[in-house]
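**Student:** I have a structure here, written as structure tokens, and I will follow up with some questions on it.
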Amino acid sequence: MAETNFPTATAYPEGAERLSEEQREAMRGEPPFAEAPPTDSRLVRALKEAGITAGLIAVLTVFFFAFKTDIAAGGLALTADPIQWIVWIAIAFVGRFVLSYLVFANDKPTVGGWKKITAATAGWPVGKVIGAILLLVALTLPFLLSTFLPSQNRYLLDLSILILTYVMLGWGLNIVVGLAGLLDLGYVAFYAVGAYSFALLATNFDLGFWVCLPMAGLFAALWGVMLGFPVLRLRGDYLAIVTLAFGEIIRVVLLNWANFTGGPNGILGIPKPTLFGLEFNRGAGSFSDFFGIPYSPIQRFIFLYYIILALALLTNFVTMRMRKLPVGRAWEALREDEIACRSLGINTVNVKLTAFATGAMFGGFAGSFFATRQGFISPESFTFIESAIILAIVVLGGLGSQLGVVIASVVMIGGIELLRNLTGLQAIFGAGFDPTEYRMLIFGLAMVLIMVWKPRGLVSTRSPSAIYKAKKKIGADLVAQGEGH
Amino acid sequence: MEYFLQQLINGITLGSIYGLIAIGYTMVYGIIGMINFAHGEIFMIGSFIALTVFLALAAIGVTFLPLVLLLMVIVAMVCTAAWGWTIERVAYRPLRGSFRLAPLITAIGMSIFLQNFVQITQGARVKPLPPQIQGGLILMNNPNGIVVQISWMQIIIIAMTIVLMAGFSLLISKTSLGRQQRACEQDRKMASLLGVNVDRTISLTFVIGASLAAVAGMMYLLYYGVIDFYIGFIAGVKAFTAAVLGGIGSLPGAMLGGLAIGLIETFWSGYFSVEYKDVAAFSILAIVLIFMPSGLLGRPEVEKV
């Protein structure tokens with residue numbers, strides 16, 4: 001007697017979804033039948049693969065490594081550098097051979113042990129512990145730096161400010177992309193609106209940072225609604241490309257509307273923030289004067305650091321609270337299935353617009369912080385590449401994960417910045433070698449590699465905000481994140 | 001009137017280049033449903049390879065122009081096709097079956113990588129190439145001194161586009177590869193059950209798209225005479241606009257959209273302002289997607305539950 005057995009949510013055994021994930025992993029891209037056993041030995045096969053790879057590299061790079069075009073006296077000249085080309089081919093051959101012979105041919109996947117570890121720790125509140133530690137480090141960072149690394153204090157503090165700016169932007173974009181599932185490639189537009197509204201208000205009406213900050217956020221939110229309204233009907237990739245177009249339109253307008261925005265010259269002399277009217281400079285009425293401590297330029301950096309930390313934490317706090325409110329749940333519902341959302345009576349127009357507006361507002365805050373930190377802005381700072389970096393941080397961190405954004409920002413921005421210090425490589429590659437040239441190259445490559453390695457991002461499991469009966473971990477694989485519905 | 005005609009000719013030339021790039025977008029979107037963000041960079045790589053081949057030939061003393069052009073086209077198409085194949089293999093194939101955002105992110109990453117790769121290896125400065133094909137046909141010679149002229153270069157570009165389009169249409173409609181491609185477009189799983197090698201078909205789609213983009217890159221180089229590592233982004237977005245305008249997934253649509261974008265951009269710069277020509281193209285993209293999401297010749301997308 002066949003018994004129909006409907007699997008209910010409670011009927012799934014422990015680890016079932018992990019099992020199905022593994023099965024899917026195994027089947028991906030492969031035909032569902034066994035291939036004929038390879039006749040070549042492992043060595044021959046590895047050599048063959050290495051040969052193919054080397055040949056491919058030879059074809060790909062012949063016009064980039066072996067021959068180069070240079071500007072010469074009468075136009076262009078060609079310089080040949082076959083040594084470099086051959087070196088790269090050799091590297092490709094050896095690298096592929098080692099991979100094929102030692103790694104790919106191995107029957108036991110080396111990641112097995114790691115999976116066990118992550119499975120064992122699945123029940124622990126790892127995220128909360130890491131989050132608390134990170135928060136503690138972030139709060140005390142300026143003092144830690146001045147105690148332990150006084151020589152590089154200023155540089156590291158500046159880097160931390162930069163990373164925190166990206167953390168904040170990432171958290172802001174996470175509302176739009178991670179929670180509401182609206183793929184936005186033009187987020188930098190709101191960053192620009194925030195920066196320009198603060199800069200214009202400050203230089204034209206002589207207003208201070210703290211007055212302009214909420215106004216900049218408000219303007220950006222308004223733009224979020226204005227740009228969000230026409231794209232309500234679009235989904236997925238189409239939404240992405242239209243938001244990209246909007247971002248570019250705003251940049252081109254900023255570039256060409258010279259008598260309002262200053263055009264390519266940008267806006268100079270944006271005021272620095274003050275602490276209740278106390279400025280961070282020498283002389284009477286300044287911060288150091290008021291508190292009777294010796295002046296040091298680092299004080300302003302510490303102040304800026306705490307401003308951006310507070311703004312970022314505000315973003316995080318608001319997001320976490322919003323997720324518990326009806327509107328936040330509507331965002332997540334919208335991400336999972338727009339049609340279901342609509343049939344349950346959720347007003348998708350309002351839900352989408354609030355997501356755009358909230359995300360844009362935090363972008364605007366971050367923008368005005370950027371303007372006040374730099375003291376100078378120009379359209380150069382708001383290119384598409386910025387949007388791509390912010391989106392990369394959100395996606396690589398794991399969509400919808402707040403902790404993931406922090407980790408991704410530190411890895412991507414901080415890791416790239418580390419290149420500056422790798423001057424030791426000049427000994428290997430010659431004196432003309434400048435590691436900072438390779439920043440964006442490595443950034444792009446890292447985006448590809450991290451995505452291929454972990455398509456769900458670095459932090460890929462998260463608990464749902466709305467709980468029915470018992471709290472359960474859901475594999476990120478089971479939610480249709482970022483489908484852009 | 002003369003001015004209008006001249007702009008029309010210029011617009012059609014530009015539109016041909018956009019159309020050739022747009023085919024790459026529309027084919028890839030049709031077959032795997034993703035925006036190949038790195039396609040603009042493929043176009044840029046194609047033009048750099050063409051430039052290098054040109055200089056290499058000049059260095060060894062080959063100056064017979066038709067031969068030079070032929071070699072440029074062939075080498076650029078082959079090498080750029082290899083790039084297209086590699087990009088698909090490295091960045092997109094491992095993510096097939098993953099969620100939709102994943103390949104888009106790798107595509108953006110690939111685009112950043114390629115831009116910087118070319119910038120580092122070939123230098124960041126603009127590369128000028130003196131015009132190789134000069135002169136043209138004078139269509140109208142007004143006594144006021146206004147001349148309407150179609151240059152040989154423009155004729156070559158338009159003729160080459162027509163030839164490539166005709167060949168390509170034949171490839172899609174008549175050959176077995178074209179049939180496999182259309183089958184994969186309709187239903188990848190079913191096609192693979194019926195014995196179509198889906199991976200190979202998708203790879204070939206990238207190869208074809210890349211080689212057409214290489215031709216576009218070479219023609220861009222010869223027509224404008226300056227290239228740099230950044231030309232791919234704007235050209236890519238505009239070609240994507242063309243693909244969307246024509247109806248994504250439709251090949252005649254891509255060509256039509258390319259022509260439309262080329263004409264709009266040329267007339268906009270000719271009659272309104274050059275500074276805002278990109279804004280015009282981007283606005284059209286937004287307007288088309290909002291009011292006519294299936295484009296001119298595309299099929300409407302049916303949303304199933």
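Glycine residues also receive a Cβ, built from the backbone N, Cα and C atoms like all the rest.
From TrEMBL, here are the annotated features:
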- B:12-35: transmembrane segment (TRANSMEM)
- B:42-61: transmembrane segment (TRANSMEM)
- B:67-87: transmembrane segment (TRANSMEM)
- B:99-118: transmembrane segment (TRANSMEM)
- B:150-172: transmembrane segment (TRANSMEM)
- B:202-223: transmembrane segment (TRANSMEM)
- B:280-298: transmembrane segment (TRANSMEM)
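Describe the structural surroundings of these features, if you would.
**Tutor:** Proximity of distant same-chain residues to the transmembrane segment (B:12-35), defined by a Cβ-Cβ separation under 8 Å and at least 6 residues beyond the stretch ends, is recorded for 42-43, 92, 96, 100, 103-104, 107, 154, 157-158, 160-161, 164-165, 168, 181, 184-185, 188, 201-202, 205-206, 208-210, 212-213, 215-216, 219-220, 223, 235-236, 238-240, 242-243, 246, 248-251, 253-263, 265-266.
Non-local neighbours of the transmembrane segment (B:42-61) in the same chain are 21, 24, 68, 71-73, 75-77, 79-80, 83-84, 87, 114-115, 118, 122, 127, 129, 209-210, 213-218, 220-221, 227, 229-232, 235-236, 239; each lies 6+ residues outside the stretch with a CB under 8 Å from one of its CB atoms.
Same-chain neighbours of the transmembrane segment (B:99-118): 32-38, 40-42, 44-45, 48, 83, 87, 90-92, 229-230, 232-233, 236, counting only residues six or more beyond its ends whose CB sits under 8 Å from a CB of the stretch.
Within the same chain, residues 13, 16-18, 20-21, 23-25, 27-28, 31-32, 36, 39, 42-51, 72-73, 76-81, 83-85, 87-89, 93, 129, 131-133, 153-154, 156-157, 160, 164, 168, 171, 177, 181, 184, 231, 235 sit at least 6 positions outside the transmembrane segment (B:202-223) and bring their C-beta atoms closer than 8 Å to a C-beta of that stretch.
The list of residues near the transmembrane segment (B:280-298) in space but at least 6 beyond its ends in sequence, with Cβ under 8 angstroms from a Cβ of it, reads 237-238, 240-241, 244-250, 252-253, 256-257, 260-261, 264-265, 268, 272.
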